[in-house]
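**Student:** Provided herewith is a single structure, encoded as structure tokens, for subsequent inquiry.
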Amino acid sequence: MEKTTPTQYDVKVQYNNSILNYAIDHSDQLTDIQKELIQFTKENIERHIMLTQAEQCSFFKLLIQVLNAKKTIDIGVFTGLSSLTAALAMGDEGRVVACDVSTDYTQHALKFWAKAGVDHKINLKIQPASKTLQELIDQGEENTYDFVFIDADKTGYDTYYELSLKLIRKGGIIAIDNVLQHGRVADPNANVEPNLVAIRALNDKILADKRVTKTMLPIADGITLVTKIN
């Protein structure tokens, strides 16, 4: 009998804020400093929508600890929640290379990292992430990183992905954020603009990429996880 592949899947649960908060409440709780950072960002930063979601934080904590990660990279720091999450998830020997191009938001991140007592774990690099990643490669750090989180300028994602693949070890994980673009990736009538074009292209590229095992999860605005095979 010829095998047929399903082409249409159904949503099992229609998510809303009540369900989201129930799930968060039944996960490892954020620390007081993480909650304070989130509240500060929502109250003081106009573009607070860029903040990593709470459910992502608990998810990344679990991934980092399952990997027994010692070396991570955070591409796109904003006010520092994702870097803080990684630093808290690792032991004292853990290190985070935090990549951003501006101090406008990272100046706040530095304060929260210090308050949490993890600032010594985080190396903030204020320059294009592609430059930082290439410097790490040039310093002989290929195949040594355990976890990379990409959440920065969408048109740069392909470059960050390729450089991260060189830096990640076999079995390490790259997490790529905003791969659903608020559902626009699946909407044929969506306004085509550079961010959407870049994300659609990367999604298709990763799907066909035989260097990695991959899964796309509808968490927050969509997260793709890839792990390097070779």
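Quick reminder: no glycine exception, Cβ is built from N, Cα and C everywhere.
Owing to the predicted nature of the structure, the values given are computational and were not obtained by experimental measurement.
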**Student:** Among Asp138, Asp146, Asp151, Asp209, which residue does Swiss-Prot name as a further divalent metal cation binder in the site formed by Asp177, Asn178?
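**Tutor:** Site partner of Asp177, Asn178 for divalent metal cation, according to Swiss-Prot: Asp151.
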**Student:** For the S-adenosyl-L-methionine site that Swiss-Prot lists with Thr52, Asp74, Gly76, Val77, Ser82, Asp100, Asp151, Asp153, Tyr160, give the additional residue from the candidates Ala23, Ala129, Ala186, Ala190.
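**Tutor:** S-adenosyl-L-methionine site check in Swiss-Prot: besides Thr52, Asp74, Gly76, Val77, Ser82, Asp100, Asp151, Asp153, Tyr160, the record includes Ala129 out of Ala23, Ala129, Ala186, Ala190.
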**Student:** When DSSP states are folded down to helix, strand and coil, where does Asp151 (divalent metal cation binding site) land?
**Tutor:** coil
**Student:** Looking at the binding-site residues listed here (Asp151, Asp177, Asn178), whose Cα lies nearest to that of Gly76 (S-adenosyl-L-methionine binding site)?
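**Tutor:** When the Cα distances are compared, Asp151 comes out closest.
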**Student:** Please report the number of other Cβ atoms within 10 Å of the Cβ of Asp177 (divalent metal cation binding site).
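**Tutor:** A count of 24.
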